[in-house]
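Here is the structure we will look at.
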Amino acid sequence: MSSPASPDELLEQQVKERGVPRHVGIIMDGNGRWAEERGLVRLEGHREGSSSVREVTRVARRLGVSALTLYAFSSQNWARPAEEVAGLMELLREYLEKERAEILDNNIRLDAIGELDRLPRYVRAPLDRLREDSAGNTGMVLSLALSYGGREELVRAARLLAEAAVRGELKPAAVNEEQLERHLWTNGLPPLDLVIRTSGEQRISNFLLWQAAYSELVFAEEPWPAFRTPAFLACLAEYQRRERRYGQTSAQVRGGVVDPTPS
Ligand code: FPP
């Protein structure tokens, strides 16, 4: 005889039935504070945070989220103490090796956005291998933002457009939102529906600046290492209570005439 569904399972079922966002981005904040509050070194917070990455990825996949983008290391994080940067890089390497089988077995495509050339070889090599080996997977895109910055991404896109114009391949007057989006690292991903930031801070911190133009923002109190299935489900339930209006009126939305912008 099967046991009755737990409250978490019931909530998960309910969230799934109501329709999940296609693309969720997460600012995984609070690892350091979580560790410090327990008298541990900051790296232990990042290590526990890797378990949250695993758990949230599993739930997102089960729920049918199409794309999950995780802010794992910002362009600005290089300025942290060398020991912390090295520890984070080592954790990333471990993650890419340990999670490889699960990612492949679950039809997940692993990708990365950011200035990937800045990553050390011992991260870049397992990352590229997994990107290549999972390239044909169709279940969900798990995108790691590594050495990522939204401003850096926009500057790069502007530079690529300018170079195309200089080569005569693009008229400046032809530059529009679609052209610019094509030059973002996130090109090909669905529009970003929801951004979650953990640990109580309410900032965007250079994460997906262009893409978040019409995203819903949900701020969770839990620090990232404590952000597990129930906290993730609560954020999705909060998203489902929101009304997305894309600049139109509530009456228009309820009448079903909203024409969502591409981002
Ligand atoms: C922010 O917390 C978190 C980071 C800078 C790193 C996030 C990395 C992980 C979750 C682990 C490795 C990633 C993967 C994909 C396996 P913080 O250190 O700024 O926290 P604080 O604000 O409390 O100091």
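Our numbering is plain: 1 for the first residue shown, then up by one each step along the chain.
Any Cβ shown, glycine's included, is placed from N, Cα and C.
Please treat TrEMBL annotations as automatic predictions, because they have not gone through curation.
Together with Gly30, Asn31, Gly32, Arg33, Trp34, Arg42, His46, Trp78, Arg80, Arg203, Ile204, Ser205, the substrate site in TrEMBL holds one more listed residue from Arg54, Arg197, which is Arg197. Contact annotation for binding-site residues (Gly30, Arg80, Arg203, Ser205, Glu216) versus ligand 1: Gly30, each with CB under 6 Å from a ligand atom. Cα to Cα, Gly32 (substrate binding site) and Glu216 (Mg(2+) binding site) are separated by 26 Å. When the Cα atoms are compared, His46 (substrate binding site) and Asp29 (active site) turn out to be 10 Å apart. Binding residues for substrate (Gly30, Asn31, Gly32, Arg33, Trp34, Arg42, His46, Trp78, Arg80, Arg197, Arg203, Ile204, Ser205) extend across at most 22 Å, taking the greatest CA-CA distance. The two recorded residues Arg203 (substrate binding site) and Asn77 (active site, proton acceptor) have their Cα atoms spaced 16 Å from each other.
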